[in-house]
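Pulled from Swiss-Prot:
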type	residues	note
SIGNAL	1-20	signal peptide
DOMAIN	59-156	domain 'Cytochrome c 1'
BINDING	C85, C88, H89	heme c 1 binding site
DOMAIN	180-265	domain 'Cytochrome c 2'
BINDING	C193, C196, H197	heme c 2 binding site
Amino acid sequence: MNTQLLVTLLAMSIGGVALAAEIKMDDQSQLTQKAGKGAGESYFQPPQEKDLPANAYGELVQQGRAIFVDTQKYAAEYVGNGMNCTNCHLEQGRKANSAPLWGAYPMYPAYRKKNDKVNSYAERVQGCFQFSMNGTPPAADSHVINALTAYSYWLSTGAPTGQELPGRAYPEVPQPQGGFDIAKGKQIYAEQCAVCHGDDGQGQKAGGGYVFPPLWGKDSFNWGAGMHRINTAAAFIKESMPLGKGGSLSDADAWHVAAYMNSHERPQDPRLIEGSVEKTRLKYHANDGVNLYGQQVDGALLGQGVK
């Protein structure tokens with residue numbers, strides 16, 4: 001992180017002590033929000049690239065954007081699957097209701113139940129590499145983390161610190177009465193999703209890289225990623241999928257297809273305890289939203305992982 005940015009962040013953190021009572025420090029592991037904006041609310045508007053300064057800071061922001069959009073290329077040594085950051089945080093981390101960076105950065109440091117401690121923003125990004133990217137977290141002072149932090153900081157220009165902005169999460173989608181139906185989800189997947197992600201959920205490649213990410217299997221996110229939760233995946237799908245047709249699926253259909261997606265095997269949770277899926281389920285998954293880790297589906301135990 002360059003000196004000017006570090007000084008700015010330090011000043012912000014010191015200045016924020018007096019406002020600590022106003023800043024919500026609740027669990028940031030699993031964000032929820034009601035769909036849409038409240039009366040009189042509007043979404044935060046991040047700055048445009050044309051407004052970037054032509055200096056070292058602007059260059060670092062551009063490098064962070066490049067890593068975010070093409071993580072496979074610019075942070076390859078830390079990625080263990082076929083995902084890019086922008087696969088989950090759409091429109092280069094700008095899109096409201098898709099966990100935008102401008103909604104996340106101002107909320108850190110924050111407590112996360114996932115690792116039971118207050119996390120810095122760098123630690124939050126490291127977690128994405130470990131779970132969503134099924135890779136190795138870059139060091140907190142690495143160029144990759146510094147660049148991604150600078151990009152997030154820049155997108156948050158003008159955003160209030162410690163305030164939950166409208167659009168910062170995936171809007172919560174209520175579970176259908178009677179629960180999800182994996183068989184229905186399979187049919188919906190074939191009709192709505194397979195054209196991009198493939199009949200087998202393995203995505204599509206062009207020029208050696210994925211243009212549509214794999215949704216399960218060895219090149220997808222692992223069992224520790226937030227998207228393995230059916231409720232989180234349903235919220236993402238309802239809001240933004242199929243691509244360009246967000247909101248076209250019913251709440252129930254979003255749940256059904258999310259359950260189908262997450263009823264397939266994927267890379268192991270890196271927090272695996274003593275080689276035991278059951279011990280790992282009890283410690284990390286039993287109270288983590290709605291998920292199928294450690295559950296039997298069609299006679300198979302999910303959570304054994306693929307390599």
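Placement of Cβ uses the backbone N, Cα and C atoms for every residue, glycine included.
Overlay of Swiss-Prot annotations on the structure.
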residue: C85; record: heme c 1 binding site; contacts (Cβ under 8 Å, 6+ apart): I67, F68, V69, T71, G93, C128, M133, L148
residue: C88; record: heme c 1 binding site; contacts (Cβ under 8 Å, 6+ apart): S98, A99, S132, M227, F236
residue: H89; record: heme c 1 binding site; contacts (Cβ under 8 Å, 6+ apart): F68, K95, S98, A99, P100, L101
residue: C193; record: heme c 2 binding site; contacts (Cβ under 8 Å, 6+ apart): L215, M241, P242, V257
residue: C196; record: heme c 2 binding site; contacts (Cβ under 8 Å, 6+ apart): Q204, F212, P242, L243
residue: H197; record: heme c 2 binding site; contacts (Cβ under 8 Å, 6+ apart): G203, Q204, F212, P213, P214, L215
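Listed in sequence order, the residues Y189, Q192, A194, V195, G198, G201, G203, F212, L215, P242 complete the 8 Å Cβ shell around the heme c 2 site centroid, once C193, C196, H197 themselves are left out. Within 8 Å of the centroid defined by the CB atoms of C85, C88, H89, the record's heme c 1 site, lie the Cβ atoms of F68, N84, T86, N87, L90, G93, S98, A99, C128, S132, excluding the listed residues themselves.
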